[in-house]
Each structure stands twice: as structure tokens, then as C-alpha cells.
Amino acid sequence: MEKMLAHRMQLWRTTNTAVALQSITGRWAAQNSSVGRRDLHQQRFIRGSPLPLAVSGKWLNPHQLRFASGGAAAAAAGVNTAPGGEFMQAVSTTKLVDLPDIPAAPTPPVLGTNGIDVMEAVNAAGEPTFASIGLGGWSPIGIVQNCMEFLHCTWDLPWWGAIAIGTLVVRTIIFPLVIVAQRNSAKMNNNMPQMQMLQLKMTEARQSGNAIESARYAQEMMLFMKEKGVNPLKNMVVPLAQAPLFISFFMGLRQMANTPVDSMRDGGLFWFTDLTLADPYYLLPMITSATLYLTIEIGTDSARLSAANMNTMKYVLRALPIVIFPFTMNFPAAILTYWACSNFISLGQVALLRIPSVRDYFKIEKMQTHKPSALPPKKGFVGGMKESWDNMKITKEIEERQRLDEIRFAKAGKGPLVKTFKYDPTKITKTATAEPHMRLKEPPNEQR
């Protein structure tokens with residue numbers, strides 16, 4: 001009886017061990033079936049006779065029973081490992097399959113491989129280069145951006161300092177053009193009375209329809225300007241040179257602010273520390289408009305261009321700072337920094353050229369003040385606009401008259417002759433003869 005109980009206890013322990021091993025093996029297979037990186041083949045063999053008890057076949061399958069180790073572990077579990085035993089003898093044999101080697105970690109790219117160079121993505125200041133963020137190049141805008149990057153990285157300047165120094169360098173380069181314009185302005189001012197008299201005569205001849213007199217006065221005007229070395233187009237040299245530079249700086253700085261360049265967020269000065277945003281206090285737009293107005297006023301006064309034909313232009317230029325103020329309010333601070341610096345440099349140049357010794361050094365004539373009686377009477381803004389309108393109407397009427405005359409002349413040469421006589425002189429008509437009895441007798445000669 002005791003032997004039978006011992007056998008049943010041994011069988012019960014073996015059954016529990018098999019069930020536990022089966023559940024552990026099932027969970028491990030479920031976790032590793034999706035990975036598919038290794039395959040563990042297990043073979044279980046049962047020695048001896050089959051179990052005397054009729055138990056469920058789900059654990060009697062010889063391929064579902066496995067022990068982690070050999071006979072020692074089986075003996076510890078209470079299983080009879082002696083050959084030919086009466087009960088189930090479980091022998092664990094495990095076959096390990098060689099797994100593929102774990103791939104080595106990828107090596108970092110070598111500098112210069114496939115055109116990739118890490119050093120090219122970082123500049124001397126430790127910031128991303130403009131080329132790596134889509135800025136720079138060989139266009140006018142890209143050249144301006146490259147110059148700004150050079151000043152900021154090479155000289156370790158803040159962005160506001162790089163913009164100011166770049167503006168100063170560019171304005172210094174075009175300073176000789178300013179001198180040429182000032183020389184021409186001084187000559188035009190000193191010869192203004194003679195030029196205005198010739199222009200007035202030419203206008204009167206044009207209004208009267210006398211094309212010959214108008215052409216003659218125009219020729220005299222050209223000869224006089226050539227003799228005195230005056231050319232009105234020279235006054236446009238500075239604006240024409242500044243226009244492409246201003247557009248290049250404007251577009252380049254706007255792209256830098258919109259990208260944005262991270263270091264420009266704290267590259268400002270005083271209250272405008274972030275150059276990528278608009279000035280929250282609107283002080284930069286106000287300074288820009290004020291300095292632009294002063295530049296227009298002082299620059300115009302220095303040239304003494306106060307003739308009647310310049311009044312309209314002066315009024316337009318004076319209204320320009322007020323008109324552009326609503327637009328400059330939303331400009332990034334980087335653009336307004338450049339614009340304000342350019343205006344301050346212009347004021348400094350005009351003030352410098354007012355010094356007599358400087359004017360003598362650059363051979364700029366002294367500005368003469370003419371008496372009002374020596375100049376034609378000035379007209380106000382309304383009077384000048386009215387006169388311009390009248391001149392346009394007269395010029396249009398004269399051109400229309402000339403066109404009609406040409407049409408009539410061509411029609412008269414190609415069309416039929418117009419009858420301008422009472423009878424046709426080409427036809428011979430018989431002269432009427434009086435009858436003899438109707439003839440008048442000549443009076444007899446009186447004898448004295």
C-alpha cells in the first residue's frame with residue numbers, strides 16, 4: 001500500500017512538472033515566433049514502458065515533454081531515471097542551432113565621401129553655414145549674404161555690427177559718384193539763370209507753334225551745357241547706383257530673417273535684439289522715415305535745385321517718408337537697421353561736402369546765390385501743375401494741326417484738282433464781234 005502511494009506521488013510530481021514545462025515553453029514560443037531570429041529544436045524521448053494511467057494526450061506527446069537538464073535534474077524532480085523503469089522516464093536532450101552573428105555597428109561616414117563633409121556644414125563661429133541652409137550663392141543677393149556671413153564669422157561681429165559695417169563699405173565705394181553728382185549740381189546752380197531763360201524761350205516758341213525757333217533754342221541750350229560742362233543726367237548717377245545695391249541688401253536680409261538664421265534672434269542692439277522680427281515699439285520705422293526726410297531736404301538744398309521744374313519733384317519726395325511708414329512698420333529689424341544706417345551715412349556725406357576745404361579738395365564749385373530778379377518768376381505747386389497741363393494741351397493741338405496739314409497735302413497731291421476759277425482757261429472760246437452798224441465811230445481828230 002505504501003509502495004503504491006509512493007508511486008502515485010511520484011507520478012503526480014512528474015505530471016505537474018510536465019504541465020509547468022509545457023506552459024513555459026508555449027509562452028516562450030509565442031514571444032519569439034514573430035522575431036524569427038533563431039529556432040530552437042527540441043526533441044524529447046521517453047524511455048521505458050508507457051504510463052499505466054490513462055491521462056490526457058496533450059502532455060503524453062513525447063515531443064511536448066522536456067527537462068532543462070539531464071538525469072540529476074530529473075532525479076530531483078522525482079522521476080525514475082533507471083533504464084527499464086516501470087513508470088515514465090524523461091530524458092532531456094536539447095539540440096542548439098547555431099544562430100547568425102549579430103551584425104556589426106555601422107561605421108560613421110568618412111569625411112569627403114560622396115561629397116559629404118561635416119566641416120562644410122559648420123562655419124568658424126560654430127553655426128550652420130549659409131550654403132547648408134539654402135542661402136548665399138553668386139547672385140547679387142547671394143554675394144551680399146556671403147559678405148554678411150564673412151563679417152559675422154571671421155571678425156566675430158554681432159549681426160547689427162556686420163550690417164552697419166557692410167553698409168559703410170558699400171557707401172564708401174560709391175562715394176566718388178556722389179562727388180561727381182555734387183560737382184554737376186554746383187555747375188547747374190551757378191548757370192541756372194541762363195539755362196532757365198533759354199528754356200523759357202524754347203517753351204514759348206513751342207507754344208506758338210514755331211518749330212524752327214524751338215529747335216534753334218534747343219540747340220543753343222545743348223551748346224551752352226556742353227560749354228559749361230553741365231549734364232542733367234549726372235544727377236541721376238547716385239540713385240541709379242544705389243538702386244541695385246538697396247534691392248540686393250533688402251532681399252538678402254529679408255531671406256536671412258525669414259529662413260531664419262538662428263544667431264540673428266539675439267544679434268540686435270538696445271531694444272531690437274531680435275533682427276528677424278519687426279520692431280515692437282515702431283522706433284526703427286520712425287527713425288528711418290525721419291532720416292530719409294532729412295536726407296531729401298538737405299540734399300536738395302545743397303544742390304539748390306529750387307527751379308520751377310523741380311517743385312513738383314520736391315513735393316513728391318517730401319511725401320515719400322510718410323507714404324512708406326505704414327509699410328516699414330512690418331519689416332524685419334535687420335532691413336530697417338540697414339536702411340537707417342544708409343540714411344545716417346548719407347547725412348554724414350552731405351555734411352562733409354558742405355565744408356569749404358573739403359569742397360576745394362574735391363574741386364566742387366562754390367554755390368552762388370542768385371537774385372530773384374535774375375531768375376524767371378517762380379510758380380507754386382498749383383501754378384506749375386496748371387502750366388504743365390496747358391503746355392500739354394498746346395503741344396497736342398500743334399501735333400494734331402501738323403497731322404491734318406500732312407493729310408491735306410497728301411490728298412491734294414493724289415486727288416483731283418479743285419476748281420478755283422469761274423471758267424476753264426484751257427478751253428478756247430469765240431470772242432463776240434459787233435455788227436458794223438453797231439460799231440462805234442471814232443471821234444474825229446480835233447485840229448488845233
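Backbone N, Cα and C define each Cβ position, glycine as well.
Heads up, TrEMBL stuff is auto-annotated, nobody curated it.
The average pLDDT computed for the domain 'Membrane insertase YidC/Oxa/ALB C-terminal' (159-352) is 86. What TrEMBL records for 159-352 is domain 'Membrane insertase YidC/Oxa/ALB C-terminal'.
Under the heading transmembrane segment, TrEMBL lists 157-181 (among others).
Per TrEMBL, the feature transmembrane segment maps to 236-257 (among others).
If you look up TrEMBL, you'll see 269-294 (among others) marked as transmembrane segment.
If you look up TrEMBL, you'll see 315-340 (among others) marked as transmembrane segment. Beyond the ends of the transmembrane segment (315-340), by six or more residues, the same chain brings 159-160, 163-164, 166-167, 249-250, 253-254, 256-258, 264, 268, 272, 274-279, 282, 284-293, 296-297, 300, 381 to within a C-beta distance below 8 angstroms of the stretch.
Distant neighbours of the transmembrane segment (157-181): 144, 147-148, 151, 234-235, 237-238, 241-242, 245, 249, 253, 261, 263-264, 267-269, 275, 334, 337-338, 341-342, 345-346, 349, 353, 362, 364; these residues of the same chain sit at least 6 beyond its ends, with a Cβ under 8 Å from one of its Cβ atoms.
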